[in-house]
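Trainee: Encoded as C-alpha coordinates, here's the structure I'll be asking about.
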Amino acid sequence: MKFDDILHHVGEFGPYQRRLYFLVCLPAITIAFHGMMPIFILDIPDYRCAIPGLKNDSYGSRGIWHQELLNDSIPYKDGKLSQCMIYDNTTRHHDANSSATQCDQWVYDESVYENTAVTQLNLVCGKEIDRSHLNMINMAGNLVGSLGFGLLSDILGRKKVMMINILIHITAGIGTAFITDFTGLAILRFMDGTSNSGLFLMVFGIGMELVGPSKRTFCGIVINFFWILGLFGLGGIAYWLRDWRHLTLACSVPAVVFLSYGWLVPESPRWLLSRGRNDEAEAIIKKIAESNKTAVPSNMFGDDTLDEGPKSKLSEMFTTPRLVITSVILFYNWFVVNLVYYGLSLNIGNLSGDIYLNYTLSNIAECVAYIGCILLLDKVGRKILLTTCFIVGGLGCVSILFPVIYGSSSHAWITIMITMIGRLGCSGSYAIMFVYSAEIFPTVVRSSGMGVCAVFSRIGGVVAPYIADLGLLTGGDLKTALPLLVFGVTSLLAGILTLVLPETLNKQLPETIDDAKILTK
(Lines of atoms letter the chains of each structure in order from A; the text may use other names.)
(Lines give C-alpha, C1' and ligand atoms only; values in the text may rest on other atoms or scores of the structure.)
Protein backbone atom coordinates (compact mmCIF):
# COMPACT_ATOMS: atom_id res chain seq x y z
CA MET A 1 0.00 0.00 0.00
CA LYS A 2 1.07 3.58 -0.63
CA PHE A 3 1.76 5.46 2.59
CA ASP A 4 -1.12 7.87 2.01
CA ASP A 5 -3.41 4.88 1.47
CA ILE A 6 -2.29 3.50 4.84
CA LEU A 7 -3.16 6.79 6.55
CA HIS A 8 -6.51 6.86 4.77
CA HIS A 9 -7.18 3.33 6.05
CA VAL A 10 -6.20 3.88 9.72
CA GLY A 11 -7.51 7.48 9.94
CA GLU A 12 -6.23 10.73 8.48
CA PHE A 13 -6.59 13.03 11.49
CA GLY A 14 -7.70 11.10 14.56
CA PRO A 15 -7.18 11.95 18.26
CA TYR A 16 -3.56 10.73 18.35
CA GLN A 17 -2.65 12.77 15.27
CA ARG A 18 -4.48 15.83 16.57
CA ARG A 19 -2.56 15.69 19.86
CA LEU A 20 0.77 15.36 18.04
CA TYR A 21 -0.15 18.09 15.59
CA PHE A 22 -1.01 20.44 18.45
CA LEU A 23 2.35 19.70 20.08
CA VAL A 24 4.38 20.34 16.94
CA CYS A 25 2.50 23.61 16.32
CA LEU A 26 3.47 25.07 19.71
CA PRO A 27 7.11 25.87 18.76
CA ALA A 28 5.72 28.27 16.13
CA ILE A 29 4.84 30.56 19.05
CA THR A 30 8.42 30.94 20.35
CA ILE A 31 9.75 31.03 16.78
CA ALA A 32 7.51 34.09 16.28
CA PHE A 33 8.89 35.54 19.53
CA HIS A 34 12.45 35.22 18.28
CA GLY A 35 11.68 36.25 14.72
CA MET A 36 10.06 39.56 15.66
CA MET A 37 11.97 40.45 18.83
CA PRO A 38 14.32 42.76 16.85
CA ILE A 39 11.40 45.17 16.42
CA PHE A 40 11.78 45.95 20.13
CA ILE A 41 15.29 44.90 21.24
CA LEU A 42 16.97 46.65 18.28
CA ASP A 43 14.76 49.73 18.21
CA ILE A 44 16.53 53.11 18.27
CA PRO A 45 14.92 55.49 20.80
CA ASP A 46 15.42 59.25 20.67
CA TYR A 47 18.88 60.28 21.86
CA ARG A 48 21.39 63.13 22.03
CA CYS A 49 24.97 63.72 23.05
CA ALA A 50 25.64 63.56 26.78
CA ILE A 51 26.77 66.76 28.48
CA PRO A 52 30.54 66.40 29.08
CA GLY A 53 31.40 66.03 32.76
CA LEU A 54 27.80 65.82 33.97
CA LYS A 55 27.14 62.62 35.85
CA ASN A 56 23.68 61.05 35.61
CA ASP A 57 22.70 63.18 32.63
CA SER A 58 19.20 62.41 31.38
CA TYR A 59 17.49 62.87 28.02
CA GLY A 60 14.76 65.19 29.26
CA SER A 61 15.44 68.63 30.67
CA ARG A 62 15.58 68.67 34.48
CA GLY A 63 15.19 72.41 34.91
CA ILE A 64 16.55 75.78 33.82
CA TRP A 65 20.10 74.95 34.96
CA HIS A 66 20.04 71.74 32.91
CA GLN A 67 18.66 73.51 29.85
CA GLU A 68 21.41 76.14 30.08
CA LEU A 69 24.04 73.38 30.20
CA LEU A 70 22.46 71.79 27.14
CA ASN A 71 22.53 75.10 25.24
CA ASP A 72 26.16 75.68 26.21
CA SER A 73 27.31 72.17 25.31
CA ILE A 74 25.30 70.91 22.36
CA PRO A 75 24.50 72.72 19.10
CA TYR A 76 21.05 72.70 17.57
CA LYS A 77 20.23 71.05 14.26
CA ASP A 78 16.86 71.47 12.54
CA GLY A 79 15.45 72.99 15.73
CA LYS A 80 16.57 70.09 17.93
CA LEU A 81 19.61 69.36 20.04
CA SER A 82 22.22 67.55 17.94
CA GLN A 83 22.31 63.81 18.34
CA CYS A 84 25.97 63.46 17.43
CA MET A 85 27.82 66.78 17.90
CA ILE A 86 29.03 68.78 20.91
CA TYR A 87 30.85 72.10 21.10
CA ASP A 88 34.61 71.94 21.39
CA ASN A 89 34.49 74.12 24.49
CA THR A 90 31.75 75.21 26.82
CA THR A 91 31.02 78.94 26.75
CA ARG A 92 27.95 81.04 27.26
CA HIS A 93 27.93 82.50 23.76
CA HIS A 94 27.96 80.12 20.82
CA ASP A 95 27.09 81.14 17.28
CA ALA A 96 26.99 79.53 13.84
CA ASN A 97 30.80 79.71 13.62
CA SER A 98 31.43 77.85 16.88
CA SER A 99 33.34 74.64 16.22
CA ALA A 100 31.85 71.28 17.19
CA THR A 101 33.05 67.71 17.19
CA GLN A 102 31.37 64.30 17.31
CA CYS A 103 30.58 63.09 20.80
CA ASP A 104 31.34 59.61 22.13
CA GLN A 105 28.72 59.40 24.88
CA TRP A 106 24.97 59.61 24.61
CA VAL A 107 21.82 59.71 26.70
CA TYR A 108 18.64 58.01 25.52
CA ASP A 109 14.95 58.66 25.93
CA GLU A 110 13.71 56.08 28.45
CA SER A 111 10.01 56.88 28.14
CA VAL A 112 9.42 53.87 25.84
CA TYR A 113 12.21 51.46 26.80
CA GLU A 114 14.43 51.16 29.84
CA ASN A 115 17.10 50.12 27.34
CA THR A 116 17.62 48.24 24.08
CA ALA A 117 20.61 46.43 22.60
CA VAL A 118 21.17 49.54 20.48
CA THR A 119 21.43 51.82 23.52
CA GLN A 120 23.73 49.47 25.42
CA LEU A 121 26.06 48.97 22.44
CA ASN A 122 25.68 52.61 21.33
CA LEU A 123 24.82 51.73 17.72
CA VAL A 124 24.16 55.38 16.82
CA CYS A 125 25.83 58.27 15.00
CA GLY A 126 27.12 56.40 12.00
CA LYS A 127 26.75 52.94 13.52
CA GLU A 128 23.04 52.56 12.74
CA ILE A 129 23.96 50.28 9.84
CA ASP A 130 25.17 47.75 12.42
CA ARG A 131 21.53 47.25 13.40
CA SER A 132 20.76 46.37 9.78
CA HIS A 133 23.74 44.00 9.81
CA LEU A 134 22.37 42.21 12.89
CA ASN A 135 18.98 41.73 11.25
CA MET A 136 20.62 40.62 8.00
CA ILE A 137 22.77 38.08 9.86
CA ASN A 138 19.65 36.65 11.48
CA MET A 139 17.96 36.32 8.07
CA ALA A 140 21.11 34.76 6.62
CA GLY A 141 20.85 32.23 9.45
CA ASN A 142 17.31 31.48 8.26
CA LEU A 143 18.68 30.74 4.78
CA VAL A 144 21.47 28.49 6.06
CA GLY A 145 19.15 26.73 8.51
CA SER A 146 16.47 25.93 5.96
CA LEU A 147 19.03 24.48 3.55
CA GLY A 148 21.37 22.77 6.00
CA PHE A 149 18.87 21.28 8.41
CA GLY A 150 16.60 20.21 5.56
CA LEU A 151 19.40 18.08 4.14
CA LEU A 152 20.49 16.88 7.58
CA SER A 153 16.98 15.71 8.43
CA ASP A 154 17.07 13.29 5.51
CA ILE A 155 20.19 11.71 7.04
CA LEU A 156 19.58 11.82 10.81
CA GLY A 157 15.79 11.94 10.87
CA ARG A 158 13.22 14.64 11.53
CA LYS A 159 13.08 14.12 15.28
CA LYS A 160 16.83 14.29 15.96
CA VAL A 161 17.23 17.43 13.89
CA MET A 162 14.18 18.90 15.62
CA MET A 163 15.81 18.31 19.02
CA ILE A 164 19.11 19.81 17.80
CA ASN A 165 17.23 22.93 16.71
CA ILE A 166 15.36 23.15 20.01
CA LEU A 167 18.68 23.13 21.86
CA ILE A 168 20.11 25.86 19.59
CA HIS A 169 16.85 27.81 19.87
CA ILE A 170 17.07 27.80 23.68
CA THR A 171 20.83 28.38 23.89
CA ALA A 172 20.93 31.25 21.40
CA GLY A 173 17.88 32.93 22.93
CA ILE A 174 19.02 32.78 26.55
CA GLY A 175 22.63 33.53 25.59
CA THR A 176 21.55 36.71 23.82
CA ALA A 177 20.22 38.09 27.10
CA PHE A 178 23.73 37.98 28.62
CA ILE A 179 25.88 39.09 25.69
CA THR A 180 27.83 42.34 26.04
CA ASP A 181 29.54 42.87 22.68
CA PHE A 182 28.50 43.26 19.06
CA THR A 183 30.40 40.25 17.72
CA GLY A 184 28.89 37.90 20.28
CA LEU A 185 25.42 39.28 19.60
CA ALA A 186 25.91 38.78 15.84
CA ILE A 187 26.97 35.14 16.33
CA LEU A 188 23.98 34.39 18.53
CA ARG A 189 21.58 36.14 16.13
CA PHE A 190 22.90 33.93 13.33
CA MET A 191 22.49 30.80 15.46
CA ASP A 192 18.98 31.91 16.39
CA GLY A 193 18.14 32.42 12.72
CA THR A 194 19.32 28.93 11.77
CA SER A 195 17.29 27.35 14.57
CA ASN A 196 14.16 29.39 13.78
CA SER A 197 13.97 28.17 10.19
CA GLY A 198 15.29 24.69 11.00
CA LEU A 199 12.86 24.13 13.86
CA PHE A 200 9.86 25.39 11.90
CA LEU A 201 10.84 23.19 8.97
CA MET A 202 11.05 20.11 11.21
CA VAL A 203 7.82 20.57 13.16
CA PHE A 204 5.95 21.49 9.97
CA GLY A 205 7.32 18.39 8.25
CA ILE A 206 6.49 16.04 11.12
CA GLY A 207 2.99 17.47 11.34
CA MET A 208 2.35 17.09 7.62
CA GLU A 209 3.77 13.56 7.48
CA LEU A 210 1.50 12.30 10.29
CA VAL A 211 -1.81 13.40 8.75
CA GLY A 212 -3.68 12.15 5.71
CA PRO A 213 -3.65 13.96 2.35
CA SER A 214 -7.16 15.43 2.70
CA LYS A 215 -6.15 17.27 5.90
CA ARG A 216 -2.78 18.66 4.83
CA THR A 217 -4.05 21.94 3.41
CA PHE A 218 -5.99 22.58 6.61
CA CYS A 219 -3.00 21.70 8.81
CA GLY A 220 -0.67 23.77 6.66
CA ILE A 221 -2.80 26.86 7.28
CA VAL A 222 -3.61 26.28 10.97
CA ILE A 223 0.05 26.38 12.02
CA ASN A 224 0.13 30.00 10.80
CA PHE A 225 -2.34 30.92 13.53
CA PHE A 226 0.10 29.64 16.16
CA TRP A 227 2.63 32.00 14.57
CA ILE A 228 0.12 34.85 14.92
CA LEU A 229 -0.53 33.85 18.54
CA GLY A 230 3.21 34.23 19.10
CA LEU A 231 3.18 37.67 17.47
CA PHE A 232 0.41 38.90 19.77
CA GLY A 233 2.11 37.29 22.77
CA LEU A 234 5.36 39.06 21.98
CA GLY A 235 3.55 42.41 21.91
CA GLY A 236 2.12 41.81 25.38
CA ILE A 237 5.44 40.66 26.86
CA ALA A 238 7.32 43.56 25.27
CA TYR A 239 4.78 46.03 26.66
CA TRP A 240 5.36 44.84 30.24
CA LEU A 241 9.11 44.21 30.00
CA ARG A 242 10.90 47.31 28.73
CA ASP A 243 14.42 45.99 29.43
CA TRP A 244 15.69 44.17 26.33
CA ARG A 245 17.52 41.49 28.34
CA HIS A 246 14.44 40.69 30.41
CA LEU A 247 12.33 40.57 27.23
CA THR A 248 14.79 38.20 25.54
CA LEU A 249 14.81 35.89 28.57
CA ALA A 250 11.02 35.89 28.85
CA CYS A 251 10.71 34.94 25.18
CA SER A 252 13.41 32.24 25.31
CA VAL A 253 12.91 30.35 28.58
CA PRO A 254 9.44 28.94 27.64
CA ALA A 255 11.09 26.95 24.84
CA VAL A 256 12.72 24.75 27.50
CA VAL A 257 9.45 22.78 27.71
CA PHE A 258 10.04 21.60 24.14
CA LEU A 259 12.89 19.42 25.40
CA SER A 260 10.11 17.05 26.47
CA TYR A 261 9.46 16.38 22.78
CA GLY A 262 12.31 13.89 22.97
CA TRP A 263 9.76 11.66 24.72
CA LEU A 264 6.43 13.02 23.49
CA VAL A 265 6.91 13.29 19.72
CA PRO A 266 7.69 10.22 17.60
CA GLU A 267 9.93 10.07 14.57
CA SER A 268 8.28 10.54 11.19
CA PRO A 269 7.06 7.09 10.03
CA ARG A 270 7.79 8.10 6.44
CA TRP A 271 11.43 8.71 7.28
CA LEU A 272 11.64 5.45 9.25
CA LEU A 273 10.36 3.54 6.23
CA SER A 274 12.86 5.30 3.96
CA ARG A 275 15.60 3.94 6.24
CA GLY A 276 14.21 0.42 6.37
CA ARG A 277 13.09 0.69 10.01
CA ASN A 278 9.70 -0.85 9.29
CA ASP A 279 9.06 -2.16 12.82
CA GLU A 280 9.32 1.32 14.34
CA ALA A 281 7.11 2.79 11.62
CA GLU A 282 4.55 0.03 12.15
CA ALA A 283 4.43 0.77 15.90
CA ILE A 284 3.48 4.39 15.16
CA ILE A 285 0.85 3.32 12.63
CA LYS A 286 -0.63 0.98 15.24
CA LYS A 287 -0.88 3.85 17.75
CA ILE A 288 -2.77 5.89 15.17
CA ALA A 289 -5.08 2.97 14.43
CA GLU A 290 -5.76 2.27 18.11
CA SER A 291 -6.54 5.92 18.77
CA ASN A 292 -8.89 6.04 15.77
CA LYS A 293 -10.41 2.62 16.61
CA THR A 294 -9.47 1.22 13.22
CA ALA A 295 -7.60 -1.90 12.12
CA VAL A 296 -4.05 -2.01 10.82
CA PRO A 297 -4.04 -3.46 7.28
CA SER A 298 -2.00 -6.61 6.82
CA ASN A 299 1.10 -6.52 4.62
CA MET A 300 0.84 -2.76 4.46
CA PHE A 301 4.53 -2.12 3.76
CA GLY A 302 6.07 -2.98 0.43
CA ASP A 303 8.74 -1.80 -1.97
CA ASP A 304 6.41 0.79 -3.45
CA THR A 305 5.02 2.22 -0.17
CA LEU A 306 7.08 5.39 -0.51
CA ASP A 307 7.30 5.29 -4.30
CA GLU A 308 5.92 8.60 -5.55
CA GLY A 309 6.45 7.84 -9.20
CA PRO A 310 9.10 9.07 -11.64
CA LYS A 311 11.28 12.06 -10.86
CA SER A 312 12.59 14.79 -13.14
CA LYS A 313 15.21 17.49 -12.83
CA LEU A 314 14.10 21.03 -12.03
CA SER A 315 16.03 22.17 -15.13
CA GLU A 316 13.22 20.65 -17.20
CA MET A 317 11.02 23.52 -15.98
CA PHE A 318 13.22 25.73 -18.20
CA THR A 319 12.74 23.82 -21.48
CA THR A 320 10.06 26.10 -22.99
CA PRO A 321 9.59 29.87 -22.85
CA ARG A 322 6.29 29.56 -20.97
CA LEU A 323 7.79 27.30 -18.30
CA VAL A 324 10.76 29.65 -17.94
CA ILE A 325 8.48 32.67 -17.48
CA THR A 326 6.31 30.80 -14.97
CA SER A 327 9.28 29.63 -12.90
CA VAL A 328 11.00 33.04 -12.89
CA ILE A 329 7.78 34.80 -11.84
CA LEU A 330 7.28 32.35 -8.97
CA PHE A 331 10.88 32.86 -7.81
CA TYR A 332 10.50 36.66 -8.00
CA ASN A 333 7.18 36.57 -6.14
CA TRP A 334 8.73 34.53 -3.32
CA PHE A 335 11.59 37.04 -3.12
CA VAL A 336 9.13 39.94 -2.93
CA VAL A 337 6.72 38.38 -0.43
CA ASN A 338 9.48 37.75 2.12
CA LEU A 339 11.19 41.08 1.40
CA VAL A 340 7.98 43.03 2.03
CA TYR A 341 6.74 40.92 4.96
CA TYR A 342 9.91 41.22 7.03
CA GLY A 343 10.69 44.69 5.73
CA LEU A 344 7.34 46.08 6.88
CA SER A 345 7.70 44.27 10.19
CA LEU A 346 11.14 45.73 10.88
CA ASN A 347 9.95 49.16 9.69
CA ILE A 348 7.33 49.41 12.45
CA GLY A 349 9.83 51.14 14.74
CA ASN A 350 10.31 53.91 12.15
CA LEU A 351 6.63 54.87 12.15
CA SER A 352 5.15 57.70 14.17
CA GLY A 353 3.03 56.99 17.22
CA ASP A 354 3.10 54.26 19.84
CA ILE A 355 5.19 51.29 18.67
CA TYR A 356 3.13 48.80 20.69
CA LEU A 357 -0.13 49.98 19.13
CA ASN A 358 1.39 49.97 15.64
CA TYR A 359 2.75 46.46 16.19
CA THR A 360 -0.65 45.20 17.39
CA LEU A 361 -2.45 46.78 14.43
CA SER A 362 0.04 45.08 12.13
CA ASN A 363 -0.71 41.70 13.72
CA ILE A 364 -4.45 42.28 13.38
CA ALA A 365 -3.94 43.04 9.68
CA GLU A 366 -2.05 39.76 9.26
CA CYS A 367 -4.73 37.78 11.09
CA VAL A 368 -7.47 39.32 8.92
CA ALA A 369 -5.45 38.45 5.81
CA TYR A 370 -5.18 34.77 6.78
CA ILE A 371 -8.86 34.49 7.62
CA GLY A 372 -9.78 36.21 4.36
CA CYS A 373 -7.59 33.81 2.37
CA ILE A 374 -9.21 30.77 4.00
CA LEU A 375 -12.68 32.08 3.12
CA LEU A 376 -11.91 33.25 -0.43
CA LEU A 377 -9.16 31.00 -1.76
CA ASP A 378 -11.53 28.28 -3.03
CA LYS A 379 -14.15 30.76 -4.22
CA VAL A 380 -12.26 33.53 -6.00
CA GLY A 381 -9.28 31.48 -7.17
CA ARG A 382 -5.56 31.60 -6.48
CA LYS A 383 -4.47 33.87 -9.33
CA ILE A 384 -7.00 36.68 -8.86
CA LEU A 385 -6.69 36.66 -5.07
CA LEU A 386 -2.87 36.70 -5.16
CA THR A 387 -2.84 39.48 -7.75
CA THR A 388 -5.29 41.49 -5.64
CA CYS A 389 -3.19 41.05 -2.48
CA PHE A 390 0.00 42.13 -4.22
CA ILE A 391 -1.60 45.17 -5.87
CA VAL A 392 -3.59 46.28 -2.79
CA GLY A 393 -0.48 45.99 -0.63
CA GLY A 394 1.64 47.72 -3.26
CA LEU A 395 -0.76 50.62 -3.77
CA GLY A 396 -1.03 51.02 -0.02
CA CYS A 397 2.74 51.36 0.31
CA VAL A 398 3.19 53.64 -2.73
CA SER A 399 0.42 56.00 -1.59
CA ILE A 400 2.65 56.94 1.36
CA LEU A 401 3.87 59.80 -0.87
CA PHE A 402 0.64 61.76 -0.42
CA PRO A 403 0.68 62.23 3.37
CA VAL A 404 4.45 62.77 3.29
CA ILE A 405 4.29 65.50 0.61
CA TYR A 406 0.97 67.13 1.44
CA GLY A 407 0.35 66.18 5.06
CA SER A 408 1.64 67.34 8.42
CA SER A 409 2.47 65.66 11.71
CA SER A 410 -1.26 65.56 12.47
CA HIS A 411 -1.68 63.17 9.55
CA ALA A 412 0.70 60.53 10.95
CA TRP A 413 -2.23 58.18 11.45
CA ILE A 414 -2.74 58.08 7.69
CA THR A 415 0.82 56.83 7.24
CA ILE A 416 0.19 54.12 9.83
CA MET A 417 -3.03 52.99 8.16
CA ILE A 418 -1.31 52.88 4.77
CA THR A 419 1.40 50.69 6.26
CA MET A 420 -1.24 48.34 7.67
CA ILE A 421 -2.81 48.01 4.22
CA GLY A 422 0.61 47.02 2.94
CA ARG A 423 0.93 44.44 5.73
CA LEU A 424 -2.56 43.10 4.94
CA GLY A 425 -1.65 42.60 1.30
CA CYS A 426 1.75 40.99 1.84
CA SER A 427 0.42 38.64 4.57
CA GLY A 428 -2.33 37.47 2.25
CA SER A 429 0.22 37.00 -0.53
CA TYR A 430 2.39 34.94 1.81
CA ALA A 431 -0.46 32.56 2.67
CA ILE A 432 -1.51 32.10 -0.96
CA MET A 433 2.00 31.55 -2.33
CA PHE A 434 2.45 28.30 -0.41
CA VAL A 435 -0.66 26.75 -1.97
CA TYR A 436 -0.34 28.34 -5.41
CA SER A 437 3.32 27.44 -6.02
CA ALA A 438 2.78 23.81 -5.00
CA GLU A 439 -0.12 23.56 -7.47
CA ILE A 440 1.87 24.98 -10.39
CA PHE A 441 5.02 22.86 -10.03
CA PRO A 442 4.38 19.33 -11.34
CA THR A 443 4.74 16.39 -8.96
CA VAL A 444 8.03 15.24 -10.52
CA VAL A 445 9.80 18.50 -9.50
CA ARG A 446 7.49 19.87 -6.80
CA SER A 447 9.87 19.36 -3.86
CA SER A 448 12.90 20.80 -5.63
CA GLY A 449 10.85 23.66 -7.09
CA MET A 450 9.52 24.65 -3.68
CA GLY A 451 13.05 24.35 -2.31
CA VAL A 452 14.33 26.90 -4.82
CA CYS A 453 11.37 29.16 -4.01
CA ALA A 454 12.38 28.96 -0.33
CA VAL A 455 15.92 30.08 -1.23
CA PHE A 456 14.64 33.13 -3.10
CA SER A 457 12.31 33.84 -0.20
CA ARG A 458 15.21 33.80 2.28
CA ILE A 459 17.27 36.07 0.00
CA GLY A 460 14.41 38.55 0.18
CA GLY A 461 14.60 38.31 3.96
CA VAL A 462 18.33 39.02 3.89
CA VAL A 463 17.78 42.20 1.85
CA ALA A 464 14.75 43.35 3.90
CA PRO A 465 16.64 44.92 6.88
CA TYR A 466 18.58 47.27 4.62
CA ILE A 467 15.44 48.41 2.77
CA ALA A 468 13.62 48.92 6.09
CA ASP A 469 16.48 51.11 7.34
CA LEU A 470 16.92 53.16 4.14
CA GLY A 471 15.17 56.03 5.89
CA LEU A 472 17.89 56.17 8.55
CA LEU A 473 20.42 56.99 5.84
CA THR A 474 18.33 59.71 4.17
CA GLY A 475 16.49 61.23 7.15
CA GLY A 476 13.79 63.86 6.78
CA ASP A 477 10.45 63.03 5.19
CA LEU A 478 11.99 60.16 3.25
CA LYS A 479 12.75 58.34 6.50
CA THR A 480 9.20 56.97 6.44
CA ALA A 481 8.43 57.09 2.73
CA LEU A 482 11.48 55.55 1.04
CA PRO A 483 11.26 51.99 2.45
CA LEU A 484 7.52 51.86 1.74
CA LEU A 485 8.05 53.07 -1.82
CA VAL A 486 10.50 50.23 -2.48
CA PHE A 487 8.12 47.68 -0.96
CA GLY A 488 5.21 49.13 -2.91
CA VAL A 489 6.90 49.14 -6.32
CA THR A 490 8.19 45.56 -5.95
CA SER A 491 4.71 44.40 -4.83
CA LEU A 492 2.97 46.12 -7.73
CA LEU A 493 5.36 44.48 -10.19
CA ALA A 494 4.71 41.09 -8.55
CA GLY A 495 0.96 41.64 -8.88
CA ILE A 496 1.23 42.52 -12.57
CA LEU A 497 3.49 39.53 -13.29
CA THR A 498 1.09 37.18 -11.48
CA LEU A 499 -1.49 37.91 -14.22
CA VAL A 500 0.73 35.87 -16.54
CA LEU A 501 0.47 32.77 -14.34
CA PRO A 502 -2.23 30.12 -14.82
CA GLU A 503 -5.24 29.62 -12.56
CA THR A 504 -5.10 26.33 -10.64
CA LEU A 505 -8.46 26.35 -8.83
CA ASN A 506 -10.49 23.19 -9.56
CA LYS A 507 -7.80 21.95 -11.95
CA GLN A 508 -6.02 18.63 -11.69
CA LEU A 509 -2.54 18.94 -10.21
CA PRO A 510 0.15 18.57 -12.89
CA GLU A 511 2.04 15.30 -12.52
CA THR A 512 4.64 15.58 -15.29
CA ILE A 513 6.52 18.31 -17.13
CA ASP A 514 4.12 17.85 -20.06
CA ASP A 515 1.21 18.48 -17.69
CA ALA A 516 2.91 21.71 -16.57
CA LYS A 517 3.28 22.76 -20.21
CA ILE A 518 -0.45 22.27 -20.75
CA LEU A 519 -1.30 24.16 -17.53
CA THR A 520 0.85 27.17 -18.47
CA LYS A 521 -0.12 27.20 -22.17
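Yeah, the Cβs are placed from backbone N, Cα and C, and that goes for glycine too.
No curator has checked TrEMBL annotations; they are predicted automatically.
Just lifted these from TrEMBL, have a look:
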- 20-42: transmembrane segment (TRANSMEM)
- 95-506: domain 'Major facilitator superfamily (MFS) profile' (DOMAIN)
- 166-188: transmembrane segment (TRANSMEM)
- 194-211: transmembrane segment (TRANSMEM)
- 218-241: transmembrane segment (TRANSMEM)
- 247-265: transmembrane segment (TRANSMEM)
- 323-344: transmembrane segment (TRANSMEM)
- 356-377: transmembrane segment (TRANSMEM)
- 384-406: transmembrane segment (TRANSMEM)
- 412-436: transmembrane segment (TRANSMEM)
- 448-468: transmembrane segment (TRANSMEM)
- 480-501: transmembrane segment (TRANSMEM)
Trainee: Going through 247-265, 323-344, 448-468 one by one, which has the most CB pairs that fall under 8 Å from the transmembrane segment (412-436)?
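Mentor: Out of the listed stretches, 323-344 contacts the transmembrane segment (412-436) most.
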Trainee: Out of 20-42, 194-211, 218-241, 247-265, 480-501, which stretch touches the transmembrane segment (448-468) the most, going by CB pairs under 8 Å?
Mentor: 480-501
Trainee: At a C-beta cut-off of under 8 Å, are there same-chain residues at least 6 beyond the transmembrane segment (323-344) that contact it? List them, or none.
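Mentor: Answer is 139, 317, 362, 386, 390, 393, 397, 419, 422-423, 426-427, 429-430, 433, 437, 440-441, 449, 452-454, 456-461, 463-465, 467-468, 483-484, 486-487, 490-491, 493-494, 497-498, 500-502, 513, 516-517, 520.
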Trainee: Cβ pairs under 8 Å only, please: of the recorded stretches 20-42, 166-188, 194-211, which one is richest in them relative to the transmembrane segment (218-241)?
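Mentor: When the Cβ pairs under 8 Å are tallied, 20-42 comes out ahead.
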